[in-house]
Every structure is written in C-alpha cells, then in structure tokens.
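Participant: Residues annotated as domain 'G-protein coupled receptors family 1 profile' in TrEMBL: 44-293. What TrEMBL lists as transmembrane segment is 25-52, 64-89, 95-121, 142-165, 203-228, 240-263, 278-295.
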Amino acid sequence: MQNFPSDNHSSVSAFILLGFSRNSYINAILLNIFLRLYLSTLVGNGLTVTLIHVDSRLHTPMYFFLSVLSMLDMSYVTTTVPQMLVHLICQKKTISYVGCVAQMYIFLVLGITEGWLFSVMAYDRYVAICYPLRYKVIMTPWLCGAMVVFCGLWGISCSLVYTVFTMRLPYCVPNEINHFFCEVPAVLKLACADTSFNDQVDFILGFILLLVPLSFILASYVCIFATILKIRSTQSRLKAFSTCGSHITVVTMFCGPAMFMYMNPGANASPERDKKLALFYNVISAFLNPIIYSLRNKDVKRAFLKLTGWGRASE
C-alpha cells in the first residue's frame, strides 16, 4: 500500500466490519438465527452430497452437478458466516488486510463458479428433455467433469481480476466497511481514489459473468419449453416441467440479487440494501437449495429412506 502525507489517507493493515447492528440485543437475536441457518445449510447440503455419493441410482449427470452445487454452497457460506457469527458476539470486529483480500477472492471464486454452473445445469436439462435418446452419449462423465473444470477456471481467473483491481487502490482511515464481510462494492467505498474505472470494470465483468450465463440458461429453456409443449401426455409434460422448476427457482434467487449488487454503479449503492442482497444470495439461497431440489424429488427421498433404513421398515 502507498503512504500518503495527508492525515486523511493512510496505509491500512486491517479493516473493521460494521455488520448489521451495534445493539447487543439485536446481535444476540441475529446470532441465533444465522447460526441455525448456517448449521442447517451444512447439514442439508452435506446430506445431499452424501446421498448422491452412496446411492448408485443417483450417479447421473444431473445429480453430479447437484452435488457440486451443494459443495460450492457449503464452501460459500463458510467463507463469510463463521466470521460474521464471531463478530456478532465480540467487541472486536476487525479483519486483517490479507484476510480481507483472501475472503474477497475466495468468495468471488465460489460465486462466479456457481453462476456458470447454473448454465451447465440448464444445458444438462436441455439435452435430457430435447435429446433423451442421446442423453447418455452426449453427457459423458468426461464432458461433465470438463464443464465443471471450465466453471472453476472462470471463477479463478475472473475473481483475480476483481480482487486485483479492487485492492490496488489506496484506502482511507477510518477503515470501517459497512458490511458483514469483505465484498467488492463495500470495500470500494473506502478507497482514497476515483473508483469510476472500477465501476466500469465491475459492470463489464458483471455482464460477462451474470448476463452471459443467464442468456445460455434462457436459450436452453426456450428450447426445453418448446419441446415440452409438443409432449402429448399431460403427466409426462408436468414431470418435465417439475424437473426444470427447481433449477429456475435457484437461478432466480442467486442471480437476481447478484445482478443488482455487481451491475449497479457504486454511487447509487445503498449499504443497507447491499447487505440484505448479499445475505440473500450468500446465506439464504445456500440454505434453500437442498430443500428446493429435494422436497419434491422422489429419487432423493428414496435414497434418504434407504440410507436411514426407514424405507425397509415401511415396505
């Protein structure tokens, strides 16, 4: 970091995360809520990964991608929530400069990878519904693995650009981040320099990383719905729609708030609104994903009953 002669500019070695409130009573309530959400997220997504791993009937491309999504969600919330929980009960709410950079980068890697994974999952549904007879031939294990690696490489490379362009700026004192973790828009507000270039970079990257995958998803579902409407059997049509409904729901929950956050100019951003949006696509979506995918999924229910032994008892 550069040193500045002015009293208002300084090289910072740590940041203070203001979180949600300075009221200890409110923080105690939030601690109880977020701890339950975090543990439920780990249990729900962990159980999903376990069921897919142990039940051979779930060894299909769709469930492979679902297991990857669950692992990303567990990692995603673990990057931010444990520290947030500690700060809710401790007076000291600091994070080191290096820790802030690491948290920002890891969070972005996981988030960008998840965003592109949604487009891969849409392609999987497209092949399954539009080309059912060729599904196993097209969606080979090699292709599935290659697509996941592609998503990860996008996350690693683009997150590096985000992080480098953000942390290359000088930062001011007071070093208080009005957020519950080191997210790019919140950190940029402390910069002691013009951030208009960063806003442009964030908008361009947001377009590439959010709108491009969403375009792939939209194109896939246009073809999917066109194919579904040609199905004569009402039951088969409803089954096809139900397999797509869960995916559309989680994509909307994740990408909608993320677009408002990363494609909105910094000057127009509201800290309180940004915290709520980040909470939704970081914590709430990860908590709801296994519920949405498993609640009406007979295969997952069957695997759960088999794992617990309840299925044999009911037979």
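Placed from the backbone N, Cα and C atoms, the Cβ positions cover glycine too.
Given the structure is predicted, the values throughout are model-derived calculations rather than measurements.
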Participant: Taking a Cβ cut-off under 8 Å, which residues six or more beyond the ends of the transmembrane segment (142-165) line up next to it in the same chain?
Facilitator: 61, 64-65, 68, 101, 104-105, 108-114, 116-117, 120, 123, 184, 197-198, 201-202, 205, 208-209
Participant: Same-chain Cβ contacts of the transmembrane segment (240-263) under 8 Å, 6 or more residues past its ends?
Facilitator: 69, 111, 114-115, 118, 121-122, 125, 128-129, 183-185, 202-203, 205-207, 209-211, 213-214, 217, 221, 224, 228, 231, 269, 274, 277-278, 280-281, 284-285, 288-289, 292-293, 296-297
Participant: Do any residues of this chain, six or more beyond the ends of the transmembrane segment (203-228), have a C-beta under 8 angstroms from a C-beta of it, and if so which?
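Facilitator: Non-local partners: 112, 115-116, 118-119, 122-123, 125-126, 129-130, 154, 158, 161-162, 237, 240-241, 244, 248, 251, 255, 258-259, 262-263, 265.
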Participant: Counting only residues 6+ away from its ends, which parts of the chain sit with a Cβ under 8 Å from the transmembrane segment (64-89)?
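Facilitator: Same-chain residues near the transmembrane segment (64-89) but 6 or more away: 17, 19-20, 27-28, 30-31, 34-35, 37-38, 41-42, 45-46, 48-49, 52-53, 95, 103, 106-107, 110-111, 113-114, 117, 120-121, 124, 144, 148, 180-181, 250, 282-283, 285-287, 289-290, 293.
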Participant: Which sequence-distant residues neighbour the transmembrane segment (25-52)? Criterion: at least 6 residues beyond either end, Cβ under 8 Å.
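Facilitator: Cβ under 8 Å, 6 or more out: 19, 58-59, 63-64, 66-67, 70-71, 73-74, 77-78, 81-82, 84-85, 88-89, 283-284, 286-287, 289-291, 293-294, 300, 303-304, 307.
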